[in-house]
Amino acid sequence: MEETEKRIETHRIRCLSKLKMFLLAITCAYVSKTLSGSYMNSMLTQIERQFNIPTSLVGFINGSFEIGNLLLIIFVSYFGNKLHRPIMIGVGCVVMGLGCFLQSLPHFLMNRYEYESTVSVSGNLSSNSFLCMENGTQILRPTHDPSECMKEVKSLMWVYVLVGNIIRGMGETPIMPLGISYIEDFAKSENSPLYIGFIETGAIIGPLIGLLLASFCSSVYVDTGSVNTDELTIAPTDTRWVGAWWFGFLICAGVNVLTAIPFFFLPKTLPKEGLEDNADIIKNNKEEKQREEVKKQKGGITKDFLPFMKSLSCNPIYMLFILISVLQFNAFVNMFSFMPKYMEQQYGKSSSDAIFLIGVYNLPPICIGYIVGGLIMKKFKITVKQAAHIACWLSLFEYLLYFSSFFMTCDNSSVAGITTSYEGIPKDLYVGNNILADCNMDCNCPTKTWDPVCGDNGLSYMSACLAGCETSVGTGINMVFQNCSCIQTSGNSSAVLGLCDKGHDCSMMLQYFLILSGIASFIYSLAAIPGYMVLLRCIKSEEKSLGVGLHAFCTRIFAGIPAPIYFGALVDSTCLHWGNLKCGKPGACRIYDSTNFSHIYLGLPAGLRGLSFLPAFLVLLLLRKRQLPGENASSGTELVQTKVTVKENECKDIHQNSKVSNDNELKTKL
């Protein structure tokens, strides 16, 4: 008898350790996948500038991840639950690594990055041909020379990034549905929210690392090591700057491959946590596995697919939850994907600084919110109804708080001929968009090349030539232009490279915006775990893997793919000046109307999120009216599945029950 107890205890400890090992491995997988995803989102602006493509196309590249995910999500969610889930997750991590490596390839296949400029002439910084003088020239002037135009075909290298992102999406597919269903199947119901909270914490640690990595890479010039950075005439705050976007993808590739290793050593199934020391339960688990094998042989692996789909489609709470998720995802995909660009244009920050600030102010509160939400679910044994109310009302409070961000905006950068007149009159108060003025009419300046300078009068100009500058001193980024006829100040009117700063008031608005976003992120993440448990507990256990996968499928096809595309097109509509390529075609946008940009960036998500509360209130109404069969206040059991609660004294009597009792218990579990 003692030997049997020791054997059962050893088996219990071994199974528990394997569950903990899987929990650690799946958390690391979440870290690696979210690391890659957050890095990709942070590099969208760099990719846009590197390949000189519009924001709408960048949005399509970003949404291609969801396309790859859609190719496999339903298949993996249904069939993966019947196959070896840990191994499938491991294979997915390897595929993600391959996709990240493919995304970095264009850097090694393209020539050096060239930005439009009027300052340097074939590397000779001593030339004054870019200043205000007769027969002034520009360096990257439009040309129809076939040999020069053929070089621009290499801008199609963005296809590598597109395909790599699709492959990365395919690899990410099994991690979430199979990982969550594995935890749900083999963990105690009261422990499941806490475990999922830890996993979601990993999904926050990954973006934090990804944003820090993106911030570093954005501050390093794309061709560093092969060019003399001292001769550069642009700074990281310039909209022509491109960081070393390719370097981070190589790191993400390595991390994803390393993360895959533990999954190949984990078992296909485990005993239910808390029942490892019950010999009859272990025996019944073996019998259950044998019956599943017989069922597969008789009916085939796809026999239950259509009934499961029908059952999920007829579940009103589940379908309403999908509708809520689609609307919310449309809002948040847009907000997080374009947040670095918004901070650049609205507050005048560099890509590196914007990404770093997002990581510091937003991700730690989200991480804390996930953990606290999981602990609350475990500590107070929150039921499904209570979880739904917590998620809804916390989200509504955060939504109302979000409207404060409409008051935390800055004015447009003052650029003569674009947002203001040469006399400093704002665009709203004068008619026309006149690049040329009396002060530079005879300078023969290029009117399409973006090479901004800041005058000592606080007004920016598209180029030193358009500022009427006649002389220059210094080299590289430290160059100073003097005798500028358009800069109306006392003394020697001068200008320096780059746009003028937006001032102290705008810096304070940025601080308020970041603090508000941090508070809102904490409140919303606090509601995330209760909300997610409503999704998991409103479907039957045998449908759980497919239900989670179908939920992911719908959010991707109706939000993840279209949202960045239409939002990118709306952002493009606010562009005030496009970059100019060698053959006269427009490149990436150089400056946006920050007022209209803020209306789109803040207003559209507000409208989408507002609509999501209509089905949310319907869910609360359905939960209130619906009789919850078998629900226990201490466990928060499933809404549609009658589940027998096994008490401690009943577990002790299992050894004394007859074979008929065991068969009935087995049927209940099946």
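Every residue, even glycine, has its Cβ placed from backbone N, Cα and C.
Per TrEMBL, domain 'Major facilitator superfamily (MFS) profile' is recorded for 22-627.
Annotated domain 'Kazal-like' per TrEMBL: 433-488, in sequence order. On the 0 to 100 pLDDT scale, the domain 'Kazal-like' (433-488) averages 86 in this prediction.
Positions annotated as transmembrane segment by TrEMBL: 21-40 (among others).
Marked as transmembrane segment by TrEMBL: 60-80 (among others).
Non-local neighbours of the transmembrane segment (87-105) in the same chain are 26, 29, 32-33, 36, 40, 68, 76, 80, 160-161, 163-175, 178-179, 246-247, 249-250, 252-257, 259-264; each lies 6+ residues outside the stretch with a CB under 8 Å from one of its CB atoms. Under the heading transmembrane segment, TrEMBL lists 87-105 (among others).
What TrEMBL lists as transmembrane segment is 157-183 (among others).
Positions annotated as transmembrane segment by TrEMBL: 195-222 (among others).
Per TrEMBL, transmembrane segment is recorded for 242-266 (among others).
What TrEMBL lists as transmembrane segment is 317-339 (among others).
Here TrEMBL flags 354-376 (among others) as transmembrane segment.
Feature annotation from TrEMBL assigns transmembrane segment to 388-408 (among others). For the transmembrane segment (388-408), the residues of the chain that approach it from at least six positions outside its boundaries are 376, 382, 509-510, 512-513, 516-517, 519-520, 523-524, 526-528, 530-531, 534, 598, 602, 606, 609-610, 613, 616-617, 619-620, 623, judged by C-beta separation under 8 angstroms.
If you look up TrEMBL, you'll see 512-536 (among others) marked as transmembrane segment. Listed by sequence, the residues of this chain that lie at least six past the ends of the transmembrane segment (512-536) yet keep a Cβ under 8 A from its Cβ atoms are 180, 184, 192-193, 196-197, 200, 204, 317-318, 321, 347, 357, 361-370, 372-374, 376-377, 382, 384, 386-388, 390-392, 394-395, 397-398, 401-402, 404-405, 408, 544, 547-548, 551, 619, 636.
If one looks beyond the transmembrane segment (548-571) by at least 6 residues along the same chain, the residues whose Cβ comes under 8 Å of a Cβ in the stretch are 54-60, 62-63, 65-67, 69-70, 73-74, 76-78, 176-177, 180-181, 309, 312, 318, 321-322, 325-327, 329-330, 333-334, 337-338, 341, 535-536, 592, 597, 600-601, 604. Taken from TrEMBL, the feature transmembrane segment covers 548-571 (among others).
The transmembrane segment annotation in TrEMBL covers 600-623 (among others). Tertiary neighbourhood of the transmembrane segment (600-623): same-chain residues 316-317, 320-321, 323-324, 327-328, 330-332, 334-335, 338, 342, 384-385, 388-389, 392, 395-396, 399, 402-403, 405-406, 534, 567, 570-571, 574, 639, selected by CB-CB distance under 8 Å and a gap of 6+ residues from either end.
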Using a Cβ-Cβ cut-off of under 8 Å, list the residues of the same chain that are 6+ residues beyond the ends of the transmembrane segment (60-80) and lie near it. 37, 40-41, 44, 47, 88, 99, 158, 161-162, 165-174, 177-178, 301, 305, 308, 337, 545-546, 548-550, 552-553, 556-557, 560-565, 568
Sort out the residues at least 6 away from either end of the transmembrane segment (21-40), same chain, that have Cβ-Cβ distances under 8 Å to it, and list them. 62, 65, 86, 89, 93, 96, 100, 103, 165, 168, 172, 175, 179, 182-183, 195, 198-207, 209-211, 213-214, 248-249, 252, 255-256, 258-260, 262-263, 266, 270
Which numbers of helix, strand and coil residues does DSSP report for the domain 'Kazal-like' (433-488)? 3 helix, 11 strand, 42 coil
Counting Cβ pairs closer than 8 Å, which of 195-222, 242-266, 354-376 has the most of them with the transmembrane segment (157-183)? 195-222
Does the transmembrane segment (195-222) reach the transmembrane segment (317-339) with at least 3 CB pairs under 8 A, where each pair is 6 or more residues apart? no
